[in-house]
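The next block holds one structure in the form of structure tokens; read it before the comments.
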């Protein structure tokens, strides 16, 4: 069995999940999904704990009234069962794993007294509604539905009544224990037709409020199963209503798809206050006293607002699209940069907060790197330009226009900070001379026929190696700008690395193999199976070269022994393809980024760190032995000195030997 890599921290929040952000009833923790992991974060200390048990992306999450239970459901592949997991919040442990639904869990809801859990499947599961016994972990009642159902919600004062929000209407459901059935009553909307999305029920179970894709909110009298009023008056919410929350005085908090958060008066059904947020509002979760609330958006931002004036305060932010690259500054582990759609972000590695955001709208950043002197962040973009920014202010330093025709896909810098080597999607490798005022192309090397995925430079800046999707890795001479050697394999190369000794290369690609190459003659020495499922996209190697890390489409981070070629540790948490991996310069943590926009910070195992320390111990002992030997020789020489003094006068060769030994000691 492989040992588990420990998650040190995560940066990310899957904001596209409706009601995915939940403030725990203890008012101290927020709970949200990130890929296949549930993150429990303390609001003040920002300490994180993780609930891990799903093998694919989490689709829904809910918390019981007391806060003792957390339930989560996932999506999976067509034809496979989708799991529901009930967690014990205090112990941070799994209680039950429930398996009946297929492909997708659409909605979950705990009953009033926490006796039952209602779960809703997707279209592929025939919109199956199942009621589970929480203590026994068994299914009690179930019923399919013809129309797609978006949400199911238990009443606030009853364990036997629910509301189901269908695409075409709303149903009031009652559990019939005698006949073991679920009875349904359709709400009468008259001639009004809408596509319904969400529901919120008041504390007394008299009224509920349903949001629609049209952008209005329906007030429904639940005992009569009839709709009463529409809100807001004379104005609809743009891009539909995603979520609804209720205040104790009856006012409605509405989150819209265009990023508007609004308060609608219960009496007049008009908008009293509103604010604009970045991304469509997907979650609303109130504090116990209802004076403030958290809200999450589809662009993975978390805001803190007051219920009176709705003044937003940004509390947390992260990437919401695929992350393409990650980089540390030279020999500095407290900060790292990531590149994604529209922006580059610089993060504090200790408290996981965003320090800087560099935005270039409507473009995608494919590669990012720090100059060794730390004075600039260099990046390659989808419009074919190379842009350099100041690392503290994010101000643009210079732009190399038309660096590559169809986008700059990879780049690296020489250690003297005078050159940038870049690769493009058309296969060209170009060398740029960076001056104080000018950026000049020194050479354009046209040998690759496919996208250049990775470039690495030797420490002496005389050679570089590039890996391409055409199935070749080429070692270039950076003095004559010619090809030194070419490595061929029937694969799309995704990554190439120099071993720290620079006598070997490490490559990986679409054939799922990790290959060792000799740089002297270009021969493949060893091939490892990097993955059983998908291609391997990312590699990173430790400073000593004793271990390396890999990741790819199997969504697992793997730590290998270099000499043995054996995988010792495995880390699971990503729900999308791992696109890049790097090891911090202090060798204490591994950072992996994925297609779902998540940044995972893994703790380097102590056995690996201890192995490095043990390697250094013999050298310390050998130094001590050398010192002891030197002291012994000095004592022997001092004893022999009176005898040798007479012979030195007559023998000039002895003088020179003695002086030589003295100088060597010095």
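Don't overthink the numbers, they just go from 1 along the chain as shown.
The backbone N, Cα and C atoms fix where each Cβ goes, and this holds for glycine too.
Keep in mind that TrEMBL annotations are predicted by a computer and have not been checked by a curator.
According to TrEMBL, the compositional bias 'Low complexity' annotation covers 628-640, 655-666. According to TrEMBL, the feature compositional bias 'Polar residues' maps to 643-653. The feature region 'Disordered' is assigned by TrEMBL to 620-666. The annotation repeat 'WD' is assigned in TrEMBL to 401-442, 445-486, 529-560, 571-604.
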Can you break down the repeat 'WD' (401-442) into helix, strand and coil residue counts using DSSP?
0 helix, 22 strand, 20 coil
What mean pLDDT score does the repeat 'WD' (401-442) have in the model?
93
Go through the chain and flag residues at least 6 beyond the ends of the repeat 'WD' (529-560) whose CB is under 8 A from any CB in it; none is fine as an answer.
5, 36, 492, 494-495, 497, 499-501, 506, 508-514, 566-572, 574-583, 585, 587, 590, 592, 594, 600, 602, 605, 608, 611-612, 615
